[in-house]
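Step one of this worksheet: look at the structure below.
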2 protein chains.
Amino acid sequence: MALLVQKFGGTSVGSIERIEAVAERVIKARQLGHQVVVVVSAMAGETNRLLGLAKQIDAVPTQRELDVLLSTGEQVTIALLAMALNQKGYLATSLTGDQLGIRTDAVFNNATITVVETEVVTELLERDHIVVVAGFQGRDSRNNITTLGRGGSDTTAVAIAGALAADECQIFTDVDGVYTTDPRLVSEAARLSTIHFDDMTAMARHGAKVLQLQSVEYAERHQVPLRVLSSFDEGEGTLVDFSTVPSEGAAGVAVKGQQALYRVAQPLEKVEPQLGLLGFDAWCYGDSQQATYIVAADDELARLNVIFEKTELAQPSVATLTLVGEGVEGNSAKVAALLTEKGVGVYQQKSAARCVSLLINGQDLQLAVEHIHKKFVVEPESLDNRPLLAVS
Amino acid sequence: MALLVQKFGGTSVGSIERIEAVAERVIKARQLGHQVVVVVSAMAGETNRLLGLAKQIDAVPTQRELDVLLSTGEQVTIALLAMALNQKGYLATSLTGDQLGIRTDAVFNNATITVVETEVVTELLERDHIVVVAGFQGRDSRNNITTLGRGGSDTTAVAIAGALAADECQIFTDVDGVYTTDPRLVSEAARLSTIHFDDMTAMARHGAKVLQLQSVEYAERHQVPLRVLSSFDEGEGTLVDFSTVPSEGAAGVAVKGQQALYRVAQPLEKVEPQLGLLGFDAWCYGDSQQATYIVAADDELARLNVIFEKTELAQPSVATLTLVGEGVEGNSAKVAALLTEKGVGVYQQKSAARCVSLLINGQDLQLAVEHIHKKFVVEPESLDNRPLLAVS
């Protein structure tokens, strides 16, 4: 018997039929003898419907009240899922963030969990209940309703798993696991059966969307094994933990498309801290004329102009490609050379622990990722596995 | 400066435009220097939408989870109204039932308020906030979400007004006050500027729908003056309090249409307690053959058959008419005679404090109420104002 925390996102609970299917999925785990805590998001579309109501009243609605409004979305889902479980003959009880005891700081719309109380949920689990919890929400120390930032329900699930020392936190999503690269770009992309936390963090930071960076980092810090599974199909998914990964080859290639290169006429050491203050996790580098180049999504010009009076669009279409895995740091020159050989426009390259990143021409993204994926993941003999010595 | 509790029902907050109008109404009171607590219901249609989702899962959804689901309706409204007030430049804070501290018993779907805490709301009022409260909901002693019974938001408003010793509890509705009788039936019906609590209770018990019986009784018990006002028009409305009412004439005529007469082959003393147990507040009387007749809505046959094995429909269309006011008790024979003269079929009559009730043929209802309203309310000289002596 294991203690599992299972998280289902908005698409997985997007209709009554889907909620019934989630109930069956949860029951399957229960029938195997596991204790289950289920964390759910608002039904797909519901958050946007609520936001639409708020925007009719105020283009920039009061942040506190927006959280009061949006938190109803998950509350609807927990009630319906608990009803479905009850109707199928299983004990189940829903808990809002505050009923479970999820305490956060007071940053409305982007709160951080500070404490997860375990008394109520533990007592329900001991009485054989399936516990259905509203993701994405909590209460601050003054009892105001708060909502978490992006990927909020994942974070709720991981935080509960950490507090309960659960055996696994299972994130159900619309793909069946973590892939070596984006399968929409590369047909040879393959599902990983396991991936190391450090590699998963790097993949998420550099563009893999299957898990939110914050939740992976939180899980790593609290040593909560994560498993990514499909809501719709059977399968083992991908386990994210601390096990040593096979040493041949890189773990994967993360990509970020639809990026642009922006130029600000200020030196790097002035630009970087300003970006950081606003939570911009952007690749940037300086040139010899004391200007700074920033890589960011191709619709961010307006937002950058709020920070820097005059931002220029230096290149409208660029992309980043990041080779991730133990010992890849030594391969940046090799990766760049392989791409240049293929005619890919390479503008910049950088290395960090378990990462080699390249800034390339946006039009060349598919060609580039196919090639690097083949050379370092599918045919891992290419990897020059001597970290640090060969850094170029 | 007064402390007002204002309650707006589902129709009054049924759209964003209506919510904006409610905000303007609240601001008007604020501009007059009053402190305002606003209690709101779910937007019209929302409760039915949520119920529809639940019924797709289970024809009889878990009661606890139904309250988790339904309580989101009011939470959406409080957030939107607080945003609208903020957007118009006024300090306003929303509170769910539990944030304010509305404690109830543990009867899901039909809970009774046990305690209203005043600390949070008082502190907000002292800081010049308009406080926007979710009606219809609370928490039991185990922190489960509960919803109140019928007229739940009215009860919330009255309970808060009582706890805060508010100067007035104002119930905004789709009519502009309490009328002497149903204005849809009688064109001479007139708005009352004041009505005594005892008469209001009698009117509500015998068919007047403008206020829920439970809230009126609660207000009377806690000595909270009530005022019924239109959400849509200006006006003074009707004040319900303990002031002495003008002694000439009756206060009004309450009616219940679409009733039927049912027959159960058991004596009255057996039937009455069973009805009481199920919360049926029905007029019933026995006959010489030890059978009992029950007056209830004309669609209650199935529900009565759950209690009594074999309920017969004795008369498919009857109605009740109740003359309400100080000293009317002595007039039951007179009322019955006046109706018989007019050709109205009168089956039964009874008197109680401030009430004379008649059971009549359903087809004669309009004729009957017009006549009795004219004789005892419009032309009050008909009233034989000698209580008890003349009881027939």
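Yeah, the Cβs are placed from backbone N, Cα and C, and that goes for glycine too.
What TrEMBL lists as domain 'Aspartate/glutamate/uridylate kinase' is A:3-230.
Sequence annotations record features per position, and here TrEMBL assigns ATP binding site to A:LYS7, A:PHE8, A:GLY9, A:GLY10, A:THR173, A:ASP174, A:TYR179, A:ARG184, A:LYS209, A:VAL210. If you take the C-beta of A:TYR179 (ATP binding site) and look for same-chain residues 6 or more apart in sequence within under 8 angstroms, you find A:ALA189, A:ALA190, A:ARG191, A:LEU192, A:VAL210, A:GLY252.
The substrate binding site annotation in TrEMBL covers A:THR47, A:GLU74. Long-range Cβ proximity for A:THR47 (substrate binding site), meaning a same-chain Cβ under 8 A and a gap of 6 or more residues, is found for A:GLY10, A:LEU70, A:GLY73. Classification of A:THR47 (substrate binding site) by DSSP places it within a helix.
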Rounded Cα-Cα span from A:GLY9 (ATP binding site) to A:GLU74 (substrate binding site), Å: 10
Binding-site residues (A:THR173, A:LYS209), the one with most neighbouring Cβ atoms at 10 Å: A:THR173
Which listed residue (A:LYS7, A:GLY9, A:GLU74) has most other Cβ within 10 Å, given these are binding-site residues: A:GLU74
Mean per-residue pLDDT computed across the domain 'Aspartate/glutamate/uridylate kinase' (A:3-230): 96
